[in-house]
Amino acid sequence: CLGFPVSIFFIVINEFCERFSYYGMKAVLTLYFTRFLHWDDNFATAIYHTFVALCYLTPILGAIIADSWLGKFKTILYLSIVYAIGQTVLSVGSISDLTDGNQDGSPDNVAVNIALSMIGLILIALGTGGIKPCVSAFGGDQFEDDQEKQRSTFFSLFYLSINAGSLLSTLITPILRASQCGIHAKQECYPLAFGVPAILMAVALVVFVIGSKMYKKVKPQGNVILEVSKCVGFAIKNRFRHRSKEFPKREHWLDWASEKYDKQLIAQTKMVLRVLFLYIPLPMFWAVFDQQGSRWTLQATAMDGDFHFEKYSIFFSCSSSQIVNPILIVIMVPVVDSLVYPLIKKCKLNFTPLKKMTVGMFLGSMAFVAAALVQVQIDKTYPVFPEAGQSQIQLINLGAVPATVQFQPQLHTVDIAPNETTGYVTFETSKLQSLHIISANVSQNMTFEQLEKNRYTLPFKWSPTEIKSSGLICDNITSKPESGKSLVRFINNIPYTVNVTMGDTDFGPLNPLSVSNYTDVPKPDSVYIISISEPLMPYCGTVSKTFGYGGAYTISIDGCVGNELNIKYFEDMAPNTVHMAWQIPQYFLLTCAEVLFSVTGLEFSYSQAPSNMKAVLQAGWLLTVAVGNIIVIIVAGVSTIKQQWAEYVLFAALLLVVCIIFAIMASFYTYIDPNEIEAQFSKEEKEEDKKDQDDNEKGAEADSRM
């Protein structure tokens, strides 16, 4: 078809669906850990990067299986089945109703969900990692030797399908996650967010199988990674055996393998090891880069994602922030190749591949400096919560008369206007014994036992004979909402019991001056109908405001006039105010770093590797990604840094130091042309063959004379 083997179209479609499946699942994975499984940020980060590391360790296994045993087709087929099963198991594991016996919307036995999720992720890592080195190579196998141009076009289409799958899935799956689903209680729909990628993986498998009769299937011919490993291992072992001074030294330690392996393999291995030596500092870049899906996503949960335009607004959820990277990649790769590099060349600057990679590492470091600056601004908006030995009290004056509150013994005095709040006042729990409320010549004293480390609210109201109050209420809030949404609760400021609802959420009957529990606002960027009902008043309601994300509100029900409900908002916790757009600079810097580092790094590696050793360097490159994620796991596990901005600065500093080390190492590297070296070996081999042939002919001639 158009000069291409028809089979490659099945491979391209398969790759698009597989990448959609992988990146779609990965986009919401960190939030699934923190919001559904309720893991803390550090543990969620560690598990996320463990999964990513496993995804980049298993390609070595996949390459060995394909080249030494099953062949590429069967390896892709069998591991895609494992992959699809893993996605399905993960989706099933995210169903809260699986063990929700009491029908409260939360799993009664979360260990079942965790077990299924971990099994699913392990199978996904085996599947996606195992097929990673096989699919592109299998596509290349479909072309004949004289179809070099078509093969090059195929790899461009292949890369485009990867980015298209990544872009669409990173946009769609966060929207699916934000939708509401559930049998007993509506909540974030992780089964759908994981289920759609599972369906796409099944589609990828079906498409791949449909084209099976059209594929050109190359039989396994042995794995060069194993050959190189054996050669290196034999050289080390042989050198150790001959470590005595009586044995003469050899020019290179790999030359100790010459007793078993031919000179060409040894020379090619030397070329590969020179490049692999430069790979040693590279994991630090990936330690920074892959935190887009963990730390940066968690950072976005504390930001405002509401983008207002002239006639409409768009809300981006925290996991949607990851879409910035694939969008910028699609834009910047052609811009850098067709504009930036030619301009640098015109300026006669020798911008070698290793210099590009060095600049990429520097920009990656600067991206984390930008992330730290954003985090500092976010931290300024965080509320102050009580520390050990402290408690906080908020008083709400629901009456029409001003009041004065004295915290005893002589700790603090505050004046409160009608329908106002004091905000949260912090006290040492050991010192606070009571409080005294005075309002229009009516007073009331309230004593309480030792308070815990928590926030408390005391609503009160003046009456001619007494100060009415429902007592001190524990808020049970010690951090920003885990869900990232806003919280809302109601106070009944009407002298009779009413039933309160907001949208589909029922807050139940509230007695006078009683307070409901905090409840998540399902969609904080939407408005809801707030209504009350009681036997003599069938309906009374009003439209709420939008609550934003990350805030907490107390709403007092003050009365009803002509079926119109009167309410008053009290802001217990400010919503997220730092806009998500402030993450764009750090994503821009990191994308520039990726273009300079990743794309150039692969190009450099391939240009410096012998033709039959490119798989070894691909395995080494993927291994640096795995090691980078292991670095994040270690830091998340052992770090005692409490401030997130300080951790960002730590990673920025580490990458900057590694950048300097890499620049020094790169300055000693001498570029080679493997093709010339291979041609030289080929020429020498032909000369030796010719010499052997001449010797054989002379020997035969001598024999005939005898």
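Keep in mind that glycine also has a Cβ here, set from the backbone N, Cα and C atoms.
Look at TrEMBL and you will find 46-64, 76-95, 110-131, 152-172, 192-211, 271-289, 323-344, 356-376, 619-641, 648-672 tagged as transmembrane segment. According to TrEMBL, the feature region 'Disordered' maps to 682-706.
If one looks beyond the transmembrane segment (619-641) by at least 6 residues along the same chain, the residues whose Cβ comes under 8 Å of a Cβ in the stretch are 42-43, 45-46, 49-50, 52-57, 59-60, 63, 132-133, 225, 275-276, 279, 282-291, 294, 601-602, 605, 647, 650-651. Per-stretch counts of Cβ pairs under 8 Å to the transmembrane segment (356-376) identify 648-672 as the leading one among 46-64, 271-289, 323-344, 648-672. Comparing 76-95, 192-211, 648-672 for CB pairs under 8 angstroms to the transmembrane segment (152-172), the maximum falls on 192-211.
Distant neighbours of the transmembrane segment (648-672): 271, 274, 277-278, 280-282, 284-285, 287-288, 291, 295, 352, 354-355, 357-358, 361-362, 364-366, 368-369, 371-372, 375, 608, 635, 639, 641; these residues of the same chain sit at least 6 beyond its ends, with a Cβ under 8 Å from one of its Cβ atoms.
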